[in-house]
Each structure stands twice: as structure tokens, then as C-alpha cells.
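**Q** Reproduced below are the annotations present in TrEMBL:
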- H162, H167, E208: Fe cation binding site (BINDING)
- 1-294: domain 'Biopterin-dependent aromatic amino acid hydroxylase family profile' (DOMAIN)
Amino acid sequence: MFEEAQYFAPVAANEDGSVTVELAKSHPGFADPVYRARRNAIAGLAVGYTRGEPIPHAEYSDEEHEVWTLVTRELAVKHQKYAIAEFLDAAEALGLPKDRIPQLEEVSELLKPLTGFRYLPAAGLVPLREFYGVLADSYFHSTQYIRHHSVPFYTPEPDVIHEVIGHGNTLASPRFAALYRLAGQAARRVETAEALEFVSKVFWFTLEFGVMREGRDLKAYGAGILSSYGEIEEFRGMDIRPLDVTVMGTTAYDITKYQDVLFEAASFDHLEDVVGQFWASCDDEMIAKLRTTA
Ligand code: NLE
Ligand code: FE2
């Protein structure tokens, strides 16, 4: 039985060629059969996809476009208040549509002249090494389905809003794109499962849920905070700790809730010095040592 939410939902192939993507009980769409069918149908677009082909077009309903429009409008206001300048500038350069869900192929085209990052469709589960590894080649795996309309301000799992408004805008920044690539190189360099998990936790506490000092204010740069207009109102009140690779790499988290432990970078330079340098140089041996000092 699948009860625990995890970053990637397991995907099962059915005999008729369709797919069933597992859904955690904590997901707002769990008890909505119409939503589940929709999520499975859109996830199915990613099955059998081969890199280099155009990403299959997802035909969204008016209701789905409305969720996007609402969240975009709410987030635009929150981003002005709470997002770091690097993110705001990148979002401006990318210019995502405000009143309809863009196709992933379209987002790749927008990113091309900025940083060259491209989207790959994901039904749900992507093995960790594959997910992180392809970042080194400027590829980003993304779901195409959208969150449940009843809880637009937060979803426990990655959806197209998180992937595109959270990560897409970030990937439009050359500085961020470089950090994503370094994370990918690190994921490919390490061999043990423990080291890969450590690398992915550092990713979680930075590129997914990182916060940064900007002047006197604490701002957000993590895609998971920047895609939730519920969570973005709360991060400043959480347990904010200093940026530390060893602590981040060994701290547990629960994906189904607002993150209550966050790590603060003193500046973008600081993030690059500490986390960029770590990903650029880490290997199994270094991580094994760090784990023993944690
Ligand atoms: N909680 C985020 C959101 O609502 O956009 C998604 C997080 C995915 C890790
Ligand atoms: Fe994410």
C-alpha cells in the first residue's frame, strides 16, 4: 500500500497501454476519481517518450488553465515580496504565459536562448540518478499534470506549476542553471546510494527549498517555496539554519508538509561557494567522511 508521499510517484503500466500513477492519501486529489483519471492520462503522455522527440502535447481543460491562471496571479504578487532578485530577473526574461498552461516544449524554446535548459516529460517516478544525472546535460524532468483545483496554494507533489513556475523561472538564470548542472555532475560522479542521497538532500535544501539573505530581508530561491503561494507566506517563521552541506546532506524531511527546517545562504556568492563547490568536487570518499562527522 502506498501511503507515504515521496518526491516521485511510482508509475505502473497497465495491460491496455495506459498507466496508473500512484497517489498518496495526503494528496488533495486522492478521493477524486475524475482527477485521478486525468492525472493518469496526462502522465501517460510521458511513457515511451524518447529524448529528441517533441514532447507530447497535453490537451488541458479550461478548469486546468484556470488553476494555472489563478496561481500565476497569486504568485506574481508574492514573488515581488519574497523572491530573490535573481529569480525575478530570470522570470522576467523567460516571460511565461499568464493565462494558460504552456506546453513543456514551449518552455524549452523560451529557455533555449537564455540557458539552453530543456524539459523532458516524466510520468512520475524517475530514478534518482537519472533525474539528477541529466541535469549535467541541461535536461530537466517534469510532470505535466496540474495540482487539484481545491487546493491551488499548495500541493505535496511536483506538478506542472511547480516544475515550470518554480524550476523553469530559475532555470532561466545562467547562475542557477550552472548550479543545476553541477548538481547533475555530482550525481553522476558519486557511486554509492548513500552519496547519491546526500547529494539529493543538498539539492532539496537549496534548489528546492533554499532561502537567502538579501540586504536585511530573508528571501526565497527554492522552487518548492516559489511555486506555493501558501508556503511562501510561512518560510520566514521556520527554523532557519546556517548553510552547511554536512547538515543538509543528513537532515530528514517530510515532503507532504510545509518545510519547517530551512537553510539560509548569506548571498548568491555564498551559495555558489559552499554548495556549488561541494557539487563540483564531491565524491564517495568525501561524502562518507562528512556523514561520519554529522
Ligand atoms: N509544495 C510545492 C507546491 O505547492 O508548489 C510543490 C513541491 C514539490 C516538491
Ligand atoms: Fe522540484
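Placed from the backbone N, Cα and C atoms, the Cβ positions cover glycine too.
In the displayed structure, how are the listed features positioned relative to their neighbours?
**A** Taking all protein chains in view, 26 other C-beta atoms sit within 10 angstroms of the C-beta of H167 (Fe cation binding site).
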**Q** Other than H162, H167, E208, which residues of the chain come within 8 Å of the Fe cation site, judged by Cβ distance to the Cβ centroid of those residues?
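**A** Other same-chain residues near the Fe cation site: P158, E163, G166, T170, L207, G222, A223, G224, L226, S227.
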